[in-house]
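What TrEMBL says about this one:
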type	residues	note
TRANSMEM	69-90	transmembrane segment
TRANSMEM	96-115	transmembrane segment
TRANSMEM	176-198	transmembrane segment
TRANSMEM	204-223	transmembrane segment
């Protein structure tokens, strides 16, 4: 209790803005909760559209007041009242003092750590009839998965490029906070001493309530984080892809889908590049960008599963997919071509050296091609 966090916990990932080129080495907590990307799989690509909710465009981002945590707090309060009444009825002064000390400790800790998010004042304040520029961005996770977010510049800055600072509302000075921490420690010690001298019946009641409350806290903590946050300020829409049954177990497939959703590949070369900085990958990104632009933007419609043509599987925004182009075979063709050219070059070099009487030989895997070998099995 001697230290308090100054900002919310962030998620490890790499964020790149498609148009502006802004980058961030992490995802803000609120943005991660809003998208609910906890279960995104390896080499998976998702795309969502985030807009301000027209019904609550200026609603503050804050923890929900009517949330599962409130139910646990009410349960704890009811248990404290019940223990105090039982202590009075059974004439157990030690249990009464333990209830007062430990209950007041919980309240004191909550007061000392009560916080709120610092209100975000976006740098862009649009006029009512103004159309904001695109703020689309791509999130790259360490497991090789991608998340493409389509939004305007204001939403992008609010969620991904503005630091989420915490403002403690009741106890702001660190000196006062340390004093409260000391008081809380003393209350805890006294509560344990008083409880140790209580009657066996009330000690058993304390043990049962302690187990019950801990089980409740652990259960509600396991719920998705969106249950604890009021995020009605934004509206999130999932964007599907025309060929969801397409084999997407390879990194090249996931990267192409990100290029397809983003309608461009320049973001993949910014900062910590999404692919190795070699000629093969640069050529492949150029090809991927051409194919992505030929498909165009996502459009509203209904998707029909290729296996079941008469059954509608998805209704909403759909991203068209190239019909006669596949990402990994295209990359493999570039790799094979580069390798063949490299072998021809090495043969010429060995022939020239052989005429000079040298026994030096070169590996056909030399050069830039060797940097690609790790991706052949993708």
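Every residue gets a Cβ built from N, Cα and C, even glycine.
Sequence-distant contacts of the transmembrane segment (204-223) (same chain, six or more residues past either end, CB-CB distance under 8 Å): 68-69, 71-72, 75-76, 79, 83, 86, 95, 98, 195, 198. Remote same-chain partners of the transmembrane segment (176-198), defined as residues 6 or more beyond its termini with a Cβ less than 8 Å from a stretch Cβ, comprise 1-2, 4, 87, 92, 94-95, 97-98, 101-102, 104-105, 108-109, 111-112, 206.
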